[in-house]
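Undergrad: Okay, so TrEMBL annotates it like this:
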DOMAIN    5-28  domain 'p53 transactivation'
DOMAIN    74-263  domain 'p53 DNA-binding'
SITE      94  site 'Interaction with DNA'
BINDING   150, 153, 213, 217  Zn(2+) binding site
REGION    256-305  region 'Disordered'
COMPBIAS  256-265  compositional bias 'Basic and acidic residues'
CROSSLNK  266  ubiquitin cross-link
COMPBIAS  295-305  compositional bias 'Acidic residues'
C-alpha cells in the first residue's frame, strides 16, 4: 500500500537507507580528528574572557596588588634589615610644633606642621623598596574603622593637600615621588615613598610627614587615639620591617606632652626625679616624748613617768 500524500507524511527510512547514510560520514580514525596531535588546532580559538584574565593574572609580569589585613599588626618588627625610627628632640616648650616622647612612644604635633621622621636600617634593602605610612585607631573597638579627616578639614584647602586625596589624614612633604593609596579590601589610606639611602655623611633617611586633622575634630578622629604604622616593603610587596608610634595632633604639643608624661609618672608612683615614692608617707604629728626614770629620795622604788 502506498502512503497517502494528503497527510504529508513519508514512511520511515529502511535499514538499508540508514546504512547508506552512515557510510557517508567520515571515519574519525582515518581523518585523525580524534587524535591528540591535532589538539593544537584549538589554540586558534580564544578562551573565555574570565579564563583569559586568570591566565594574565598568573603569568603576567606585573607586580601583584598587595592587600593589608583587616586588623593590621602594630607590633614592632625590625626584620633582617634592622629597621629603626628616630625623632628630633625638641623639648616641651610652648613654641614647638612637633615633639616626641620616648617614655610614651608618642608624637605630639600641630595640624599641618612638618614632622621629620628619621629612618635607619642596618643594611640597604632591595632596590625599589618603599616606605609606607598608615594611620590606624589604637583601641580595639575602633581599629576596624578607617582613619579619615573630619568633614570640615576635608572641604578646606591646605597648602599640602595637592595631589593628596582630601580625605587622607597623612601627607608627605617635599617629595614629588610620594603616592597615595587606598586598600581595595579594607579601604585604609596610606602614603608611600620610595626608600632612598642616607646622604653622604649621614646615617638616616629623613621623611617629612604632615597630619591634616586635629585629634579632637568631631566627625574625624573625635579624640580617639591613633597609631602610625611605618612599614618597609620590598618591590613585590613583602614586609621587611615594621615600626609603630602613637600620635596626637593638638594645638600645643609641648604642653600636652608634659602633661601626659607627668600623669604617666604619677600612675607608676615615681617622683619627677625618677625615684619611687613611699606608699605610706610618715605622719606629720609631733613625736611623743620619751619616757624617763625618776628616782625619789624617800623611797627606793622607781616610777615611770
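Heads up, the Cβ atoms here are built off N, Cα and C, so glycines get one too.
Please treat TrEMBL annotations as automatic predictions, because they have not gone through curation.
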Undergrad: If you skip the near sequence neighbours and keep only those at least six away, which residues in the chain come within under 8 angstroms of residue 213 (Zn(2+) binding site), Cβ to Cβ?
TA: 111, 149, 150, 153, 169, 220, 221, 249
Undergrad: Where's the emptiest Cβ shell within 10 Å among the binding-site residues 150, 217?
TA: 217
Undergrad: If you count other CB atoms within 10 A of each CB, which of 94, 153, 266 wins among these recorded positions?
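TA: The residue with the most neighbouring Cβ atoms within 10 Å is 153.
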Undergrad: Through the lens of DSSP with three states only, how would you label residue 150 (Zn(2+) binding site)?
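TA: It is coil.
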Undergrad: Fill in the CA-CA distance, residue 217 (Zn(2+) binding site) to residue 94 (site 'Interaction with DNA'), as an integer in Å.
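TA: Residue 217 (Zn(2+) binding site) and residue 94 (site 'Interaction with DNA') have their Cα atoms 21 Å apart.
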Undergrad: Take the mean position of the Cβ atoms of 150, 153, 213, 217, the recorded Zn(2+) site. Which other residues of that chain put their Cβ within 8 Å of it?
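TA: Here the non-site neighbours turn out to be 149, 151, 152, 154, 212, 214, 219, 220, 221.
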Undergrad: Could you put numbers on the helix, strand and coil content of the compositional bias 'Basic and acidic residues' (256-265), residue by residue per DSSP?
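TA: When I sort the residues of the compositional bias 'Basic and acidic residues' (256-265) into the three classes, I find 10 helix, 0 strand, 0 coil.
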Undergrad: Using C-alpha atoms only, work out the spacing between residue 94 (site 'Interaction with DNA') and residue 266 (ubiquitin cross-link) and round it to an integer in Å.
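TA: The Cα atom of residue 94 (site 'Interaction with DNA') is 22 Å away from the Cα atom of residue 266 (ubiquitin cross-link).
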Undergrad: So what pLDDT does the domain 'p53 DNA-binding' (74-263) average out to?
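TA: Result for the domain 'p53 DNA-binding' (74-263): average pLDDT 95.
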Undergrad: Tell me, by DSSP, whether residue 94 (site 'Interaction with DNA') is helix, strand or coil?
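TA: In the DSSP reduction, residue 94 (site 'Interaction with DNA') maps to coil.
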